[in-house]
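Annotated features, as they stand in Swiss-Prot:
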type	residues	note
MOD_RES	K15	N6-succinyllysine
MOD_RES	K15	N6-acetyllysine
MOD_RES	K126	N6-succinyllysine
MOD_RES	K126	N6-acetyllysine
MOD_RES	K140	N6-succinyllysine
MOD_RES	K140	N6-acetyllysine
MOD_RES	K158	N6-acetyllysine
MOD_RES	K168	N6-succinyllysine
MOD_RES	K255	N6-acetyllysine
MOD_RES	K255	N6-succinyllysine
Amino acid sequence: MFLLQGAQMLQMLEKSLRKSLPMSLKVYGTVMHMNHGNPFNLKALVDKWPDFQTVVIRPQEQDMKDDLDHYTNTYHVYSEDLKNCQEFLDLPEVINWKQHLQIQSTQSSLNEVIQNLAATKSFKVKRSKNILYMASETIKELTPSLLDVKNLPVGDGKPKAIDPEMFKLSSVDPSHAAVVNRFWLFGGNERSLRFIERCIQSFPNFCLLGTEGTPVSWSLMDQTGEMRMAGTLPEYRAQGLVTHAIYQQAQCLLKRGFPVYSHVDPKNQIMQKMSQSLNHVPMPSDWNQWNCEPL
């Protein structure tokens, strides 16, 4: 195991991961944030350097004090060799399997590795598999070979106009975390609320405020640079409002040089159509999350 330290190593890692997009996207986005201030205080581990086969991004041990907090106890993994990956993840200094944790990756082949480890280390695992989307602008910049112009929507990728008297674009405030938490599919508890508050305080997030000055639609970003937790109050749905929050956030990220990507549940046809209307393109790899609990 090798801990990457210093700006030069992390920049080399980012450059190397770029060659493996979109399979490495979750890890690539996380390393980009580490190279821009590292707001979540993460660390990068590789099996060897510089010719690594497996990379794991994880929090510092001192930040993982709550054994039940899988939002904090999150690992991002990319590997070019599954046998090597299983051996690397098996190391206690790489992953603390005694905790409730989650592993995220845009690499579906890791499922076999994690299921094998679940059998040998006695933990139960729940997998969430979703459609991975990347903005066409990001694809053009990072992986132009993936961009099939024939399949792009005809539109300009901009949302329809909304009534400026009714809705005002704003940033998300920490006081808005509770409403985001209430409607987040992976949230709804105290630990997820703390995670959302941390994301709001650390990254650019956007919302639409209604006439009462409270959020009616929003889009946030997590420590991997992914746009997540987007939602709209039920009484304001079917108006295309969330499209505005996501569009503004995407423009902000593009200006900063970050990849624009997100995931959508395969059953959520509405958000799939919304993603395509913004010229976000489904990727050949999936978005994966494995929630692991020791037995």
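Keep in mind that glycine also has a Cβ here, set from the backbone N, Cα and C atoms.
Note: K126 (N6-succinyllysine) has non-local neighbours W290, N291, i.e. same-chain residues 6+ apart with C-beta under 8 A of its own C-beta. Here the C-alpha separation of K158 (N6-acetyllysine) and K255 (N6-acetyllysine) works out to 16 Å. Put simply, K140 (N6-succinyllysine) is 14 Å from K255 (N6-acetyllysine) when counted between their Cα atoms.
Taken residue by residue with DSSP, K15 (N6-succinyllysine) is part of a helix.
Here the CA atom of K15 (N6-succinyllysine) lies 16 Å from the CA atom of K140 (N6-succinyllysine). Across the fold, the C-alpha of K15 (N6-succinyllysine) and the C-alpha of K168 (N6-succinyllysine) stand 38 Å from each other.
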